[in-house]
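Below you'll find the structure, written out as structure tokens, and then a few comments.
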Amino acid sequence: MKTAIYPGSFDPITLGHLNIIKRAAVCFDKLIVCVLINSDKHGGLFTPEERADLIRRVVAKLPNVEVDCSATLLAEYARQKKACTLVKGLRAVSDYENELQMALINRKLNPRLETMFLPSSAKYTYVSSSVVKEMARYGADLSDFVPREIIDDVNAKMKSRRDG
Ligand code: PNS
């Protein structure tokens, strides 16, 4: 059984992430979408558990996709799950430098772990979770940015942040 992991912060999941999930899911027997901690990113909009719940709702119809969250090192998580592939999406050359470094660190920590890069679909190259949060802050229409199942959640969370 070939298991791959699609790791990320997913705060929140975007249409770009979903596109990568669907394309990766056909390449492996099982794809685990895992919400992990990026220590460079502080003050997230959603908690890791909330992010995983949103992803679960969005991928509910994809039979070989599981959703999890973990506060461990990614390389260790992959070992626990007996996964030997990480899937990463690349939107632009500027993503590559950081992703290459992470791929090398992950393979150093777990020599069986390969990272496969999928180029983002052209129509999603400008989409990121940060852009989604910025748009939501100003009440802009999110339908071209996040799966429709979670639009209300993102708007409600942003409103509760603003009001609270
Ligand atoms: O969506 P992101 O923020 O680019 O995802 C980055 C993420 C969460 C996959 C990365 O920060 C990560 O792997 N975090 C877990 C801790 C870890 O293993 N760090 C890499 C080795 S130092």
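From the backbone N, Cα and C atoms, a Cβ is placed for every residue, glycine too.
The DSSP breakdown of the domain 'Cytidyltransferase-like' (5-134), given as helix, strand and coil counts, is 55 helix, 27 strand, 48 coil. Annotation source TrEMBL lists domain 'Cytidyltransferase-like' at 5-134.
What TrEMBL lists as substrate binding site is Ser9, Lys41, Leu74, Lys88. Residues within less than 8 Å, Cβ to Cβ, of Ser9 (substrate binding site) and separated from it by at least 6 positions along the same chain comprise Val35, Leu36, Ile37, Asn38, Lys41, Gly44, Arg51, Ser129.
Residues annotated as ATP binding site in TrEMBL: Ser9, Phe10, His17, Gly89, Leu90, Arg91, Glu99, Tyr124, Thr125, Tyr126, Val127, Ser128, Ser129, Ser130. Sequence-distant neighbours of Glu99 (ATP binding site) (same chain, 6+ apart, CB under 8 A from its CB) are Lys88, Leu90, Thr115, Phe117.
The site 'Transition state stabilizer' feature in TrEMBL is assigned to His17. Within the same chain, residues at least 6 positions away in sequence whose Cβ sits under 8 Å from that of His17 (ATP binding site) are Tyr6, Gly8, Phe10, Gly89.
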Length of the line joining the Cα atoms of Leu74 (substrate binding site) and Val127 (ATP binding site), in Å: 24
Site with most surrounding Cβ atoms, counting all protein chains shown within 10 Å, from the binding-site residues Lys41, Lys88: Lys88
Fewest Cβ neighbours within 10 Å, where candidates are the binding-site residues Thr125, Ser129: Thr125
Farthest-apart CA atoms of Ser9, Phe10, His17, Gly89, Leu90, Arg91, Glu99, Tyr124, Thr125, Tyr126, Val127, Ser128, Ser129, Ser130, residues recorded for ATP, distance in Å: 18
Fewest Cβ neighbours within 10 Å, where candidates are the binding-site residues Leu74, Leu90, Val127: Leu90
